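What Swiss-Prot lists as ATP binding site is Gly10, Pro11, Thr12, Ala13, Val14, Gly15, Lys16, Thr17. The substrate binding site annotation in Swiss-Prot covers Thr12, Ala13, Val14, Gly15, Lys16, Thr17 and is backed by sequence analysis. The region 'Interaction with substrate tRNA' annotation in Swiss-Prot covers 35-38. Swiss-Prot lists Thr101, Arg127 with the feature site 'Interaction with substrate tRNA'.
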Amino acid sequence: MKTKIIVIVGPTAVGKTALAIEVAKRFNGEVVSGDSQQVYRGLDIGTAKASPEEQAAVPHHLIDVREITESYSAFDFVSEAKMTIEDIHSRGKLAIIAGGTGLYIQSLLEGYHLGGETPHEEILAYRASLEPYSDXELAHLVEQAGLEIPQFNRRRAMRALEIAHFGQDLENQEILYEPLIICLDDERSQLYERINHRVDLMFEAGLLDEAKWLFDHSPNVQAAKGIGYKELFPYFRGEQTFEEARESLKQATRRFAKRQLTWFRNRMQVTFYQIGESGVQDRILSQIEEFLDD
C-alpha cells in the first residue's frame, strides 16, 4: 500500500509555509521542505525559511542540512526526503511536502530512477530535453517509438520515452506515495504585489547583510545562485544603485513565480486553489480530510 502524503506547491510568496503548518497542526503532521535553497545553513531571510517560532510549533525537515559550500541536487533531495517520510510515517504521523522546487518534488513523486547503470544526471538531462515539446509533439514521439499509453497525458508520455530511451523496466520506477497535490495561486496582480511586499520585508529583516556575507565568503557556490542573493551582487560590486538592485530582485522573483506556476500546471497533476477566494482554507482542509479518510 502506498503511503499517503500531502504536497503543497505554488509560486513564491503565495503562503505555502503557513498552510503547511496549519495542515500539520490539524492532521498530526510534520513538514518536509521541498525547496532547493532552504537546505543551506545561514541563508534564512532570502530563502524565506519558516521562522524559529514556526519550526518550534511544528517539526520541519530538510532545512539547514547543508553548508553553503556544499552542492545539493534532486538526487540528494529524493534520497533524504524518502528517508524522512518513512520516519514520519513510522511514527504514525502525516508527511506534508511544502515547497516551490518543482523538479525536486516531481522527482520524489514519480520515482525517478536513482540507481543502476545510468547516471541520474543523464536521466534528468534527458527529461529536461523533452520539456520544450508540446503535447502533440510528445504524442508524435511516443507513436514513433512504438509505445502505447492509455489515457495519454504529458507526464506518462515523458516517462514512457525515458524508459524507452534508457531501456529501464517500468517496475524500476518505483512509485511509493499516494499524494494529494494542492497548488496555491492568486490573481496575477495580487501575487506580484505580495512578492514586492515580501522583498521589502526581507530587506527590513536584514537581507542585505545576509547577501553581503554570502558575497564576501562564497560568491560562486551553488547556494549563491538562488534568487534573493545574486541579484544584489551588482550592487556590492558598485555596478548598480541599491534601488536598481532591489527592483532587479523584485523583477527576478516575479519571473520565477511565473516559471513555477508553468511547471506545476504542465508537469504535475495538481488541484488549484485561489488564495483570495472566501473560505479557501476550509475547503482545502476538507479535501485533505476526505483524502485521508478514503
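Placed from the backbone N, Cα and C atoms, the Cβ positions cover glycine too.
Fewest other C-beta atoms within 10 Å: among the binding-site residues Gly10, Pro11, Gly15, that description fits Gly15. Beyond the ends of the region 'Interaction with substrate tRNA' (35-38), by six or more residues, the same chain brings 46-49, 62-64, 72, 77, 99-101, 104, 223, 226, 228 to within a C-beta distance below 8 angstroms of the stretch. Comparing Cβ neighbour counts within 10 Å across the binding-site residues Ala13, Val14, the minimum falls on Ala13.
Once Cβ contacts within 10 Å are tallied over all protein chains shown, the recorded positions Lys16, Arg127 are led by Lys16. Taking CA atoms as the reference points, Thr17 (ATP binding site) and Thr101 (site 'Interaction with substrate tRNA') are 14 Å apart. A 10 Å cutoff on Cβ-Cβ distances gives Thr101 (site 'Interaction with substrate tRNA') a total of 20 other Cβ atoms nearby, all chains included. Counting only same-chain residues at least 6 apart in sequence, those with a Cβ under 8 Å from the Cβ of Thr12 (ATP binding site) are Ala48, Gly100, Ile195, Arg198, Ile227, Thr253, Phe256, Ala257, Gln260. Note: the CA-CA distance between Val14 (ATP binding site) and Arg127 (site 'Interaction with substrate tRNA') rounds to 28 Å. Sorting the region 'Interaction with substrate tRNA' (35-38) by DSSP state (H, G, I as helix; E, B as strand; all else coil) yields 0 helix, 0 strand, 4 coil. A Cβ within 8 Å of the Cβ centre of Gly10, Pro11, Thr12, Ala13, Val14, Gly15, Lys16, Thr17, the residues given for ATP, is found for these other residues of the same chain: Gly100, Leu184.
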